[in-house]
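Here is what TrEMBL records for this protein:
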type	residues	note
DOMAIN	282-370	domain 'Histidine kinase/HSP90-like ATPase'
TRANSMEM	37-59	transmembrane segment
TRANSMEM	66-89	transmembrane segment
TRANSMEM	95-116	transmembrane segment
TRANSMEM	128-145	transmembrane segment
Amino acid sequence: MTPRAADIALALAVTGVISAAVAAGQASTVPAGPLPYLWAICLGALMLLRRTAPVLVLVLTALGYFAYYSAGFPAIGVAVPIAAAVYSAAEAGHLRIAIVIALTVLTVSTTYRLLIGQSTGYVLGYELVGHAALIAAVVALGSSVRAHRALRERTDQVASLTAHQAILQAEGRTRAERLRLARELHDSIGHCLAVASLHTNVAREANSETDRTHALRLVREAVGEAMTQLRSTVTLLRSSASELDSGTLADIPRLVDAPGAAGYKVELDVAEDLSCSATVEATAFRLVQEAITNTLRHADAGAITVRVVAEGEDRIKVAVSDDGVPARPPSCPAGHGLAGMRERVEAVGGSLEVRATADGWQVTALLPKEDRS
């Protein structure tokens, strides 16, 4: 049933109940004609406004009650005429006004009955108690309906917010996964392609067929490694797996094999027994990989130095430097590689510094031995 239909049904019910009470009162007194029934219709019609103007409906009902008795119409009690209006006001949240007006009507009615000589015992001991109980029940019902509706609305709001939060969390996880895959693809495949490009240049400039063949073999190995990394990523996307093969500290030496084979002077110092978590080791590996890739792509360097050593009791220091001149000024905006390095380092609770020195580029990161994310 729609709210409007419910209001119409309530208006008809109020009109019918009050009309029945008027008819019962007229049966024991001199008939007052059709005016009391018209009054009943007017009180019933007020129910059509109870949702938009509940206080006005209650006030007009109380005034109509006073006018009814002032006209000398047959007595019909107190609770019957005002019960619906009191309920509507309480349901709308005007609890104090509903109680005050109901008590006012009850007090005036009781006083009037006593002044016209009705039995004190009957008025105070029977009618007053009965009417007061009915009005109290109506007020309590209206208040409880409002509280139940408010609770339902809050429950719906919580459910809606929970669903929205779940959507946001899912979107956040999706974005995080995309960023992670982007870093993996950039670091792994980007490094392999940089190595392939390096050895392609070596093969082009080689003076002997042996050197050219060796360089081309390294190109093929680098491209093959890139294809392997790409297949691993595709497999990850198609399965429920959550981790790519990101490398460890023990894998760092193989990162300098290609630059060494291409003629770079390589210095490598990876301390043993650093006892880092797998996530931190993967971060250090990718950091070194990206730094070497940047050197191969952007710096006119001849030497690369990689150091991974302990820094205090609970941290490690990862430093990669070269002796080349940066291909772009340090003030230029950083690309995806630098952003990815910073994201990786900060994700485990570390810090990253990338700067151009008088001798070339230097990348330095301080990482906790245990992931602090």
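Any Cβ shown, glycine's included, is placed from N, Cα and C.
If one looks beyond the transmembrane segment (128-145) by at least 6 residues along the same chain, the residues whose Cβ comes under 8 Å of a Cβ in the stretch are 77-79, 82-83, 86-91, 95, 98-99, 102, 106, 109-110.
Under 8 Å from some Cβ of the transmembrane segment (95-116) lie the Cβ atoms of residues 55, 58-59, 62, 65-66, 69, 75, 78, 82, 86, 89, 123-124, 127-128, 131-132, 135, 139, 142-143, all in the same chain and six or more residues away from its ends. Note: the domain 'Histidine kinase/HSP90-like ATPase' (282-370) comprises 29 helix, 33 strand, 27 coil (DSSP; helix = H, G, I, strand = E, B). Confidence annotation: the domain 'Histidine kinase/HSP90-like ATPase' (282-370) carries a mean pLDDT of 82 in the model.
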